[in-house]
Amino acid sequence: MAAFHHSNPTDRDIRRVLQKLLIMLSLGIICVSLFYFLAGCCESDIRENSISQRPASEFLLSGWYHDRNGTLYKDVVMVQNEDGYPVAGERSTITPVLETNNSVKDLMATRRLPQALIIGVKKGGTRALLEFLRLHPDIRALGSEPHFFDRHYARGLDWYRSMMPRALDGQVVMEKTPRYFVTVETPGRVHSMSHDVKLIIVVRDPVTRAISDYTQIISKTPHIPTFETLAFKNRTNGEIDSLWSPLWIGLYAQHLERWLAWFPRAQIHLVSGEGLISDPAGELGKVQDFLGLQRIVTDKHFYFNKTKGFPCLKKPEGSSKPHCLGKTKGRTHASIDPEVIQRLREFYRPHNQRFYQMTGQNFGWQ
């Protein structure tokens, strides 16, 4: 009996074995949980990075992307950070977005400061230009207006960089904030960020632009005085109130002069707001040249919506219908007294002529 008793494990030995098994099981569970956690993080990061668009070699002649190697079209909604500001990766509903397979290129996408800025002007066509440009696979653009150089400069360049979409080498990162063009401090601040940044300005007949600006204002605050009242310091003698914002913005030469004090003319490209409506592909071609990109966005991407009086984008693959810009684009302007319009044209004529001389371009405004 004694020999039989010593040949079996003691209770202490059994407990030790059970403890070891329990420890090994716990470690196994932890390792498996950690593996799935890391896999989930990688997948989320890759999906975010996959918003980076394909290179031109994968772009069809029609201008829309391949459904290739499992690549699918996907809409991505805008997200906000803890401060309520939209963060990089948000896309508009009119731009085709790709969700790609995991790849080295996707993992190499990073956030960096913009190489190009659409700096103005308000109600000139900046939103249309940005959305049209975002069709290009080598452009990564923030859809919202960060207002960094005019309102949030104290947040610093690191905050500004964090707002930008992830991009691959060779892709142009850009954003648009029309208020930059008329803000006094902005040119110097932009120059401090980059001496080589490319600047794009969309300009439009200043009288038409002012009426469009006013139309937007009354859509939000309908009980303000009439355009005719606000446009004059003294209606009797016809003295224009050039400090009223809708009119002041249209003094393009005055604003451009500040930018030319910091940047050479060759770094500034002017887009005709009228041309963006009548010949969007032509204007987009010149912008692509200015950015050093292949002309991929062409007339194949556009059709003219007669109801809105504005160009719209042809439907991408996977979409059931074409897509126009929002309801505020192409809306009917407020009705303005023709005599007031004529007085404003006379007021702007010398300013426009000076602007033509400064830029070497005649936009043909009346």
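Even glycines carry a Cβ here, placed using N, Cα and C.
Marked as transmembrane segment by TrEMBL: 21-39.
Under the heading domain 'Sulfotransferase', TrEMBL lists 114-351.
Listed in sequence order, PRO178, ARG204, ARG209, SER212, ASP213, GLN216 are the same-chain residues six or more apart from LYS123 (3'-phosphoadenylyl sulfate binding site) with CB atoms under 8 A from its CB. Residues annotated as 3'-phosphoadenylyl sulfate binding site in TrEMBL: LYS123, GLY124, GLY125, THR126, ARG127, ARG204, SER212, LYS329, GLY330, ARG331, THR332, HIS333.
Annotated active site, for sulfotransferase activity per TrEMBL: LYS123, in sequence order.
The feature disulfide bond is assigned by TrEMBL to CYS312-CYS324.
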Alpha-carbon spacing, THR332 (3'-phosphoadenylyl sulfate binding site) to CYS324 (disulfide bond), which is rounded to whole Å: 16
Disulfide-bonded residues (CYS312, CYS324), the one with most neighbouring Cβ atoms at 10 Å: CYS312
Tertiary neighbours of GLY125 (3'-phosphoadenylyl sulfate binding site) (same chain, Cβ under 8 Å, six or more apart): VAL202, ARG204, VAL271, GLY273, LEU276, ILE277
The domain 'Sulfotransferase' (114-351) [mean pLDDT, rounded to integer]: 92
Cα-Cα distance linking CYS324 (disulfide bond) and ARG127 (3'-phosphoadenylyl sulfate binding site), given in Å to the nearest integer: 12
